Amino acid sequence: MRYIKSEPYYEGLPPFNVSGSPFNVVPIHNYPELMKDTCALINAEWPRSETARMRSLEASCDSLPCSLVLTTEGMCRVIAHLKLSPINSKKKACFVESVVVDKRHRGQGFGKLIMKFAEDYCRVVLDLKTIYLSTIDQDGFYERIGYEYCAPITMYGPRHCELPSLQNAKKKYMKKVL
């Protein structure tokens, strides 16, 4: 995995070209030229207006929210995306959402790769302790990479606010302590 470094942005993250991999993980706000392709990738999975999606991507910053993309060497093609969002009720945590891998590249380890980078980024750059997420049908994947089931949480509202258990809800909430 090769990490693009922009001092001191990635200071402390794993070294460059450790595996000689032809892939990069980068924050989208440092590479605005990737936003249109990223928008198309996300909208292929969860359709939404291009304007709304682009506004969400343009909100990415060095802290939270931050959208990360996995690209080919030379930034030619976006393969995967995820977004890290703040949780108002948990200051040392974030919520990962919009995790998507291009359909042509699923089952090749790219989801695991971008999640691992996001965990490192959260721990080293953002000094966060826990990552939360929700999923409808990918809980097996998240379990395999170390996530555990937890009570539903809200990204908004007062500190330490948890939602009551929703027995019939399809969403499953998970977390990983970093």
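Quick reminder: no glycine exception, Cβ is built from N, Cα and C everywhere.
The substrate binding site feature in Swiss-Prot is assigned to ARG48, ARG53, MET54, ARG55, SER56, ASN88, SER98, SER134; the stated evidence is experimental evidence. Using a 10 Å radius centred on the Cβ of ASN88 (substrate binding site) and all shown protein chains, the other Cβ atoms total 12.
The acetyl-CoA binding site annotation in Swiss-Prot covers VAL99, VAL100, VAL101, GLY107, GLN108, GLY109, PHE110, GLY111, LYS112, GLN138. Taking Cβ-Cβ distances under 8 Å and a sequence separation of 6 or more, the neighbours of PHE110 (acetyl-CoA binding site) in its chain are PHE23, LEU70, ILE79, ALA80, VAL101, ASP102.
Summarising the annotation, Swiss-Prot assigns domain 'N-acetyltransferase' to 26-178.
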How big is the gap, in Å, between the Cα of MET54 (substrate binding site) and that of VAL99 (acetyl-CoA binding site), rounded to a whole number? 16
As a test of reading the model: what is the averaged pLDDT for the domain 'N-acetyltransferase' (26-178)? 91
Can you check what DSSP calls MET54 (substrate binding site), collapsed to helix, strand or coil? helix
Given the binding-site residues SER56, SER98, GLN108, SER134, which one's Cβ is surrounded by the fewest other Cβ atoms within 10 Å? GLN108
Compare the Cα of SER134 (substrate binding site) against each of the binding-site residues VAL99, GLN108, LYS112 and report the nearest. VAL99
